[in-house]
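As given in TrEMBL:
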- A:20-241: domain 'MacB-like periplasmic core' (DOMAIN)
- A:291-408: domain 'ABC3 transporter permease C-terminal' (DOMAIN)
- A:678-787: domain 'ABC3 transporter permease C-terminal' (DOMAIN)
- A:21-43: transmembrane segment (TRANSMEM)
- A:285-307: transmembrane segment (TRANSMEM)
- A:341-362: transmembrane segment (TRANSMEM)
- A:382-404: transmembrane segment (TRANSMEM)
- A:425-449: transmembrane segment (TRANSMEM)
- A:678-700: transmembrane segment (TRANSMEM)
- A:727-747: transmembrane segment (TRANSMEM)
- A:759-779: transmembrane segment (TRANSMEM)
Amino acid sequence: MFRSYLKTAFRSLWKNKGFSLINIAGLGAGIAVCLIIFTILQFELGFDGFHKNKDRIFRVISEREQSGDIRRSPGAPYPMPGILKQEMPGVISSGVFQETNVQIIIDDEQGRPVKRFREEGSVFCVEPSFFEIFDFAVEAGDYHSLADPNTALLSKEVADRFFGDWRTATGKTFRKNGQVIKVAGIMKDLPVNTDLRSGIFVSYSSQKWLSTSDDWHSTASNHNCYLLLPEGTKSADISLKLTALLAKHSDDKKKGDAQALQPVTDVHYNGEISNYTGRAVTGQLVNTLSLIAGFILLIACVNFVNLSTAQAFNRSKEVGVRKVLGGSKFQIRSQFYGETFLLAACATILAGLITIPALPAIGGLLDLPLDNSLLLKPSVLLALAGMLALVVALAGFYPAIVLSRYNPITALKGKLTRKASGGVAVRRGLVVFQFVVAQVLIIGMVVIVQQMSFFQKHDMGFDKEAIVNLSIPSDSASMSKMDFLRSKVKSINGVKEVSFSFASPADNGNWSSNFRFDHAAEETEWFANLKWADHDFLNAYDIKLIAGRNLYPSDTVAEFLVNETFVKQLGITDVRQVLNKEISIWDAMKGNVVGVVKDFNALSLRSGFVPVVISTNKTNYRKAGIKLQTADMGTALTSLRQLWTATFPDFVFQEQFLDEKVANFYAQEQRLSGLYKIFAALAMFLSCLGLYGLVSFMAIQRVKEVGIRKVLGASSLKIVLLFSKEFLILIGIAFVIAAPLAVYFMNKWLKEFAYQIDISWEIIMLAGISAAVIALLTISVKAIRAALANPVRSLRSE
Amino acid sequence: MIKITDLEKIYRTEEVETVALNRLSIEVKEGEFVAIMGPSGCGKSTLLNILGLLDDPDAGSFVFAGIEVAKFNERKRADLRKRNIGFVFQSFNLIDELTVFENVELPLIYTGVKAADRKKRVDEVLDKVQIMHRRNHYPQQLSGGQQQRVAVARAVVNKPKLILADEPTGNLDSSNGNEVMEMLTDLNEQGTTIIMVTHSEHDARYSHRIIRMLDGQTVIENIMI
């Protein structure tokens, strides 16, 4: 019987090739989107889930109460990893210090540099115990060698890159930021789904200052401490012990400071506490992507339901005959489910064909290593089978019910009215549903694009156009060349200003601290952003001074500039009142406030203004900020490259334009906006595909009516309107539902940013009108053809 | 074989109530060939639908092969129908997507006959109605007469006790019409009971008995000699 159903199904689908094609294309695209999103989520949600002890691995995080809120940061006090070994013997711990943009030099046997690399990814300094906590396999050598300073384990990929063949790499040396490191062993390449992904693991003891530090007060987001708890230990108990440990060792501990534990399986998904990749896959993102996948699949299923029920009228006779010949409702439903299955199976194959090139492309867009091997994972294949079953159930259910309930007598006599053939109201409802989803996505996409464009154009309070940032090596020899470099850079044609600083006004790396103001007994409870910068900083970045004067040239901390928010935070209304007052940081760096600058955004526009302190401190300068003339930047850059290479021959020259760096703050939003654009376009395309199918069907059904109307004098425009009116009303209703929904959700999204656009009615109307115009064009393709047909032919054939 | 007593069927819309069958009583014996005639709207088709277990009466008794079926639900009716009754329609009602063979095979599929047995029985019946050479053609590729022969083959393939024919020659020319009537006569002679609704006096003459209806009632019965 099943064979007979499939045979009939195949012939019926073949007979209605156009509709079958629309259904297969629509469902194929819908399933492909689901498959791609599922694969992305599968990839993202599996981060660091492969460690066999994952339930017992935690990262120590710091909690600090600030203005009633608890601020969490991933930094652990520097001495903590060392102390834990003595104070908590059952707990395995490892300090993890992350370095980025590391300079690597490979020397030949005579000590001459032969290869230079700038490692864009992370380099981790870890203790041997790191490899007892995490499941990262060592291929050659022994991780215990990392107990010695200046040793490293390299991944096969990195060892191949550095030394040609990983098999010969053990025992060889390389220079990391000038420090000679010996290769102690080789690791298998790390899986792509770990936040601790790196090809270079240097011994923790190589960073002498880390292992000897007794600074319990400072934390940095790149210094972490991981623990493997003994079985049966409650993480809350350990958190309390860690907080007690902090209190014991930290003299100036503030009320509310605490240590807590973050499960390793949370690191990738926590938007508040940073990980090492710079992107967090939050629950909200997972939900949004899942919802989009679900809705796009639903839109495709709706197309199927609409076209099937619209065609049901044509198949009523067949149903009548089958019923008369003894076919039960169940058998008839089974037959139509069979048809849906066949169609959905074709769509699934098409989805596979779409996904194979699309997945790596989407991976490129999202900067994720998504390759097609992920598609062969059993979970993905199982999900694909699940999608097929879901599509058959969702898309096949209603048409099967409608078709199987026909009364055979009425159906056979052709007395079934179009209304009684079922589904008119449902079809209208479903068209509205499709366009609600499509318009919500379009409005959402327009809002995201506008917000991104707002970020690009928003005045951050400093100049970021035509400013190039160049890194400076941190060794003392390089530091000594800074004044020479300044004069050389200034002499380059096309350079307007140059400034050396720890970071640009807004940067990825930030240094914050509390301080003592005006000889107060207590340090402030709040932290200020520290900007170590020379006296040219304000000029180079065009930061406005509103009171006092600029810094005098100095190599050390001598005096301070502060910003308006800093003054406000102190509770002072007149900016001039802070002038000549002392700031003392860690009681080691002291100086008077000599000027107040206008507020500028030291962080991304997700946050508002923060208190900023600027002071000279040459040993901490890591960047040159060079303002160029826009006329001939290419020549100036070439000269800078030559100068840098000549001054720092062991250093890989790499320039970064400030406006690009700032744009990169929103890289994740930018990438997602690219993805949402695709989804919105697809939702609209699928909805229009369904419309096209419905209008095509209408054109066939109403051919006689059109003929009569034309004979009676109706113009072609009137005929087009006849076809369009109903759908335009439905799209209008969809817009009325979609607009407030989209505004609600997008306002929620915008709340993540301190600076946000207002969702104007123009944006919403624009989205609504574009949806209507695209739909109208779709309808018109068929409607115009129907309107232009010769009425004599249609009437004669009737 | 069939005994209906005081059968009533009333169609109601919001404004109009139409009495299709008005306390109708008739009896058809096994092996009979009965023609039902009457003007349009007299209730012939309603009667045929009820006899074919496609519709249920509002009142009265309907005994089929000794079983009271008037109150049967749809599932029971479908089960009884597919095992005992074959249908021949004026407009053939073949399924366009199925070949001649597959159309005839359909009732056997619904009664759960095994594939090998189905093939044998379909071939036999196609041979009998002389359409074997067209077994792999689709209905649109056949003439009206050929299509009706396929429809007859489909009606008899399950070896039903009763064949209900609704204007079986209505869409055929006289030559093809006669052929179909000869076929029905042959089937009747082999023992199948036939009830045929027709407007054609010529076709009615093939039957043993003509029941003439008016306004949902039997007005006269002619025994053919």
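Positions of Cβ are set from backbone N, Cα and C atoms, glycine also.
A TrEMBL annotation is a machine prediction, not a hand-curated record.
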Look over the recorded stretches A:21-43, A:285-307, A:341-362, A:727-747, A:759-779 and say which has the most C-beta pairs under 8 A to the transmembrane segment (A:678-700).
A:285-307
Within the domain 'MacB-like periplasmic core' (A:20-241), what mean pLDDT does the predicted structure show?
90
Considering the transmembrane segment (A:285-307), which listed stretch of A:341-362, A:382-404, A:727-747 counts the most C-beta pairs under 8 Å:
A:382-404
Can you tell me how the residues of the domain 'ABC3 transporter permease C-terminal' (A:678-787) break down into helix, strand and coil by DSSP?
95 helix, 0 strand, 15 coil
Could you break down the residues of the domain 'ABC3 transporter permease C-terminal' (A:291-408) into DSSP helix, strand and coil, giving a count for each?
105 helix, 0 strand, 13 coil
